[in-house]
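Participant: Here's the feature list from TrEMBL:
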DOMAIN    7-127  domain 'Type II secretion system protein GspF'
TRANSMEM  103-125  transmembrane segment
TRANSMEM  157-176  transmembrane segment
DOMAIN    208-328  domain 'Type II secretion system protein GspF'
TRANSMEM  309-330  transmembrane segment
């Protein structure tokens with residue numbers, strides 16, 4: 001599917017204007033579907049077989065974090081509003097990805113140009129220096145040449161380190177994906193940066209989904225039942241199942257949240273305030289919007305750190321290259 005955020009936004013507009021779901025897809029197909037006829041035929045079969053509309057977006061490869069929102073909205077009859085919300089989230093994610101690409105393009109290009117420059121210097125200039133100084137017996141000369149060789153390998157060291165970190169992360173993700181949800185959450189909770197990010201994500205999702213279900217007229221038990229029966233988000237299903245167990249024991253939601261360590265600390269106080277005022281659903285939605293703002297601020301902060309970090313690494317490589325070139329040059333002047 002081409003431009004999924006624009007596709008969902010246009011689809012929401014067509015649905016709000018009274019067009020049927022299939023007719024809306026048919027109108028948008030030439031602009032957003034790669035294999036129009038095959039895709040429409042498959043969608044038609046899915047709808048004839050009684051599959052929900054959310055299944056169509058699963059077929060298009062929409063992320064599971066958005067499918068949960070669409071599935072719950074479909075059950076409430078607010079599908080077009082959920083499409084607008086998801087389209088806005090996708091648009092924000094696309095902008096973040098583009099910003100990251102812009103921030104990293106220049107330092108990555110500069111880094112690899114520097115790597116090629118140092119490789120060329122290492123392969124052509126340094127051997128000539130070694131040949132020139134081969135007749136001297138000065139111990140200092142050979143120490144300086146050895147230091148130059150080591151400094152010229154600085155980019156190699158960073159590349160190896162990055163590769164090792166990437167392999168370690170990939171291995172952890174592959175191994176973790178084979179474990180159950182409880183083990184995955186236990187592992188995430190031990191790593192502070194991951195814990196911070198996932199706490200924000202879990203708190204935001206549960207606050208928004210429970211708040212939306214409560215404002216639509218469902219009871220808390222019914223809302224948690226829907227969340228623990230959905231299949232798109234295993235983490236949310238796991239957390240909802242735990243909260244549901246505490247609610248069945250007669251505890252309030254604010255008390256149940258205290259028993260689960262995967263939420264923001266102020267989530268409990270927000271729920272308590274809503275329980276006292278009788279506006280729990282609406283306050284949870286507002287709190288979810290606040291957490292979404294915090295998430296965006298965290299992303300912006302990370303984006304602001306990444307580029308200076310890369311420039312610092314490049315500066316270290318440039319300084320090493322500068323010293324690697326000057327040390328033999330100064331020695332050559334003394335030698336001449």
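Including glycine, each Cβ sits where the backbone N, Cα and C put it.
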Participant: Kindly report the helix/strand/coil residue split of the domain 'Type II secretion system protein GspF' (208-328) according to DSSP, in that order.
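Facilitator: Reading the DSSP string over the domain 'Type II secretion system protein GspF' (208-328) gives 99 helix, 0 strand, 22 coil.
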Participant: Of the residues in the domain 'Type II secretion system protein GspF' (7-127), how many are helix, strand and coil by DSSP?
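Facilitator: Here the numbers are 104 helix, 0 strand, 17 coil.
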